[in-house]
Amino acid sequence: MLFLSTVHSGAPHECTPKKRKLPAKRGTKAEARRLQQVFNGDSFKIIPIPTVAAQYNDEMNHVDRGDQIRSYTTYQHRFRRGPWQALLWSFLLEVALANSFILQKKTRQPH
């Protein structure tokens, strides 16, 4: 996998230890043998992975959550612009509505 980042240097020694479980499906016999060697009979193992990949895996849930909220709150309105302008405006409006909902939930004060 190739990552392009302006935050991380990408140095090969820049790794983060992460806990990984033994996969339930092991695929071919060769893959099962290799997994047996790596995990050595344990159900999990702490494996160093590149920091940029670890941060991507931790943060990708935020984009998925925004897409999920956008799917719940569709804004159906006809536009009299060109088709690409209508799609762009509709997308930007849905993203703005989803972001305002997320911010409202985060900043809501308890009564």
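From the backbone N, Cα and C atoms, a Cβ is placed for every residue, glycine too.
No curator has checked TrEMBL annotations; they are predicted automatically.
Checking TrEMBL for region 'Disordered' across the ranges 1-29, 30-58 points to 1-29. Broken down with DSSP, the compositional bias 'Basic residues' (18-27) shows 0 helix, 4 strand, 6 coil.
Confidence over the domain 'PiggyBac transposable element-derived protein' (45-101), given as mean pLDDT on the 0 to 100 scale, stands at 76.
In terms of DSSP helix, strand and coil, the region 'Disordered' (1-29) has 1 helix, 7 strand, 21 coil.
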